[in-house]
Structure formats: C-alpha cells, structure tokens
Amino acid sequence: MAEIVHSCLDTGVGQLTHWLILPHSTLQSTILGPLCPFDLSLNFNGHFADAWKSRWVESKHKSDYGKFVLSAGKFYGDVEKDKGLQTSQDARFYSASSRFESFSNKDQPLVIQFTVKHEQNIDCGGGYIKLFPADLNQEEMHGDSTYNIMFGPDICGPGTKKVHVIFHYKGKNHLINKDIRCKDDEYTHLYTLVVNPDNTYEVKIDNKKVESGSLEEDWDFLPPKKIKDPDAEKPDDWDDNEKIDDPEDKKPEDWDVAENIPDPDAKKPDDWDDEMDGEWEPPMITNPDFKGEWKPKQIDNPAYKGKWVHPEIDNPDYTADAEIYKYDSVGVIGLDLWQVKSGTVFDNFLITNDPKLAEEVGNETWGETKDPEKKMKESQEEEERKKREEGMNKKEEDEEDKEEEEEDEEDYEDEEDEEDREEEEETDSKLKDEL
C-alpha cells in the first residue's frame, strides 16, 4: 500500500491540487504517480488559462494543431470541478502534454485513469491518452513519437467504437487481441487501466471491470510457446475419413433420367410456318422424375483413426519475460489525437500504483458529478423540446393568421368586385335612360 501525500503546487494564480504517490516502505524521492489526479479546475479562483497552460505544453511539430481550451462543456455536474481540457476546433489534430517526475513501475502496479466526455456526439475521433518516457521532446511530440502506453476510447463511424490498450514493447506497438467496446453517448465516462507486476491487466469503465487477463495471452508480445514439429508428418496409412461410401449400395437402374424434358402439354401454334419459322420444338421443362446425381450412402469407416493432430514442440525462439509490464521511465502524459468534430472534455487524470485509490478517486470525482451532469443534460433537452413545441405552435398560429388574412383579403376583393359590378350596372341603366 502506498502512502498518499496530499500537496499543492503554487501556480501563481491559485493552487492546483495534485497527488504524490510514494512507496510506503521507503518514502524516497522516486515517486509513482506524481501530479495525480490532474484536476485542472480546483482552487484556481477563476484564473484558469494561465494556470493550466503552465502545466501543459502544446506541440509545435505542426503549425495547424487544434487548440485546447479549459471548459466544463455545455452541461456538467459541477461547473468548477468538471472543467477540463476541451478540443475546440473541428477536423484537427491535437497534441499537448504535461511532464512530471519520472518513475518506473517495476515490482508494483501501474494504474492510469481519466474521464472523457464526448458532448458533441462524436462521429470520428480519439479520446485516449498516451504515457511517454521522460526523454520526450514535448514541443516536437507528434503521432509517431515513441510512447509507453496508449489507452482510451476511439470512435470512427458505427464500425469502430473500441477501447485502445496499446503497449510499446521492444521497439514495436502491440494492440490488444480483444475487442473492448467503449461508451458512445454524450456523458462523461471514467476509464481505468491497471497493469500488474504479475503480467496481468484489468480495464474498467465507470469503475466496473469490462476486461481482464494475461498480457502474454492477450497481446502478441512474444512468439508462441509451442510450434508444430517440422519433422513430423502424417503417416501414409493414416485414414482420417470418418465416413466412407457404402460398397454394398448400388445405383438403381431407373436413376439416370434427363434433368429437363419437352413439355408434353405444349402444342404447336396454329400460325407456325415450318418454312418460315423453322421446325417447331416444344419448350423444355424440369423433369419431375429427375433425382440429381446419384451418390452411395455413407457408413462409418472401420479404418478411421481420428483426425491427425500435428505434434508440437517447444518453440526455440520463445523466451519467457516476467517483466512485460515494466517501463523504466514514465515521465509525460499526453493527448495526441485527431477529431473530426470537436468538443471532447478530458479531465481527472490519475496515475498511481494503488488500484483501490484509483477507484476511490473515481467515485469522488466522476462518481459525484455524473448524476447532476445527466440531470442538467436532461433539463436542457426538456427546455429545447419545449422551445421546439412553442416554435411549432407559433408557426401553426402564424400560418392560421396568414390563412385568415388571405380569406379576409379574398372577401374584401369579392365585396369590391360586387360593388364595381353594381356601379357598372347602374351606369348602364342611366345611359339607357338617356338614350
């Protein structure tokens, strides 16, 4: 169990709360999980911009990276506690990172945790984080920069809605062999990865386990333990046919008939001219007596020995590695991703060696604000529904008023026409009298 040392970092514009997780046995300066969690909004007293920008470095590798802003989004559980890094520009790559004192997770768990809210109803874009070694040049960070672990949700259309768990091992990035589905709604969700020193792992969403297992079995870090014996061959007399043709079965004499026959009910048309139209032939129809290709019945093969299994031997290229989980240097957390539609909020970053602490922090952060957030979202949707109804009602009223006005105009025009007709008739009558 690690001792939790709670401290505050003076930013000059208030204090940013973070955690230092130190090994309980030594309490030495080498720490696991410094600055955990990164709560970007706590105790900033309203001066957020300068404070978070002093902790996060935006990459200059490209000139057109999207900009992060500090925001709780359009709906939230707590306007201050839920402030996080939000993507703000559509169709952009994003690249920003924050450095902390480097550590190794040797002989202890490594827990990575953060929250993601795709309030823009994301259609294609990443929601994952990367852990980098301490030698990362933050101003040159980009998509091909070497990282230790990439973890978090990724969505692209209806076909890709998964949680990435990618480990860098011996110069190569290894993707998990399992499909872990991520959340695809508009609410905030908590993502947790636990990597244990016994080479096991666990993935949690909203503090509930969704996947677990062995690093060696669920990734292709190592070659297989066993391979097929290259010197083994199936014996020539090995019979692996479970069924054979019955030698006693004979094809019936009346089996072979044509598949199609002339239609016996067809008659030559009366106007058919053999000289002009050629010799008349009746159309063909399926033969009702046709039974298809004859095949003998199948019986059990008395010589069947079962399916031959290729013998396996120990793979000479396989070498066990008890430290697949281990990284000698972890010193930077980064957001390096692409988004078509912006609006994602990242918050509550946590790196620790204590899975129990991570669960508690998750309950104290995401757990405290998820219900109020949902309530606010539902309230906004209800308000929008009412406005739509009011707008529809107003439109219907306007249309009714317009129809009434048009009817009134028609009535007025009819009255004027009637008056004009009466005047004309009166004028005609006077002219007749004068004549």
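Positions of Cβ are set from backbone N, Cα and C atoms, glycine also.
Sequence annotations record features per position, and here TrEMBL assigns disulfide bond to Cys124-Cys156.
Residues annotated as alpha-D-glucoside binding site in TrEMBL: Tyr128, Lys130, Tyr147, Asp154, Asp336. Listed in sequence order, Lys130, Leu131, Phe132, Pro133, His168, Gly334 are the same-chain residues six or more apart from Tyr147 (alpha-D-glucoside binding site) with CB atoms under 8 A from its CB.
Per TrEMBL, region 'Disordered' is recorded for 214-276 (among others). Across the region 'Disordered' (214-276), DSSP helix (H, G, I), strand (E, B) and coil residues number 7 helix, 10 strand, 46 coil.
Panel annotation: around the compositional bias 'Basic and acidic residues' (226-235), residues 308, 310-315 of the same chain, lying at least six beyond its termini, place a Cβ under 8 Å from a Cβ of the stretch. The feature compositional bias 'Basic and acidic residues' is assigned by TrEMBL to 226-235 (among others).
Long-range contacts of the compositional bias 'Acidic residues' (236-247) within the same chain: residues 295-301, 303-308, each at least 6 residues beyond the stretch ends and with a Cβ under 8 Å from a Cβ of the stretch. Residues or ranges marked as compositional bias 'Acidic residues' in TrEMBL: 236-247 (among others).
What TrEMBL records for 354-435 (among others) is region 'Disordered'.
Counting only same-chain residues 6+ beyond the ends of the compositional bias 'Basic and acidic residues' (367-396), those with a CB under 8 A from a CB of the stretch are 74-78, 81-82, 186-188, 190, 206-207. According to TrEMBL, the compositional bias 'Basic and acidic residues' annotation covers 367-396 (among others).
Feature annotation from TrEMBL assigns compositional bias 'Acidic residues' to 397-427 (among others).
It is Asp336 that, of the binding-site residues Asp154, Asp336, has its Cβ surrounded by the most other Cβ atoms within 10 Å. The C-beta environment of Tyr128 (alpha-D-glucoside binding site), restricted to residues of the same chain at least 6 apart in sequence and closer than 8 Å, consists of Met150, Phe151, Gly152, Pro153, Asp154, His164, Leu337. In terms of DSSP secondary structure, the compositional bias 'Basic and acidic residues' (367-396) contains 30 helix, 0 strand, 0 coil.
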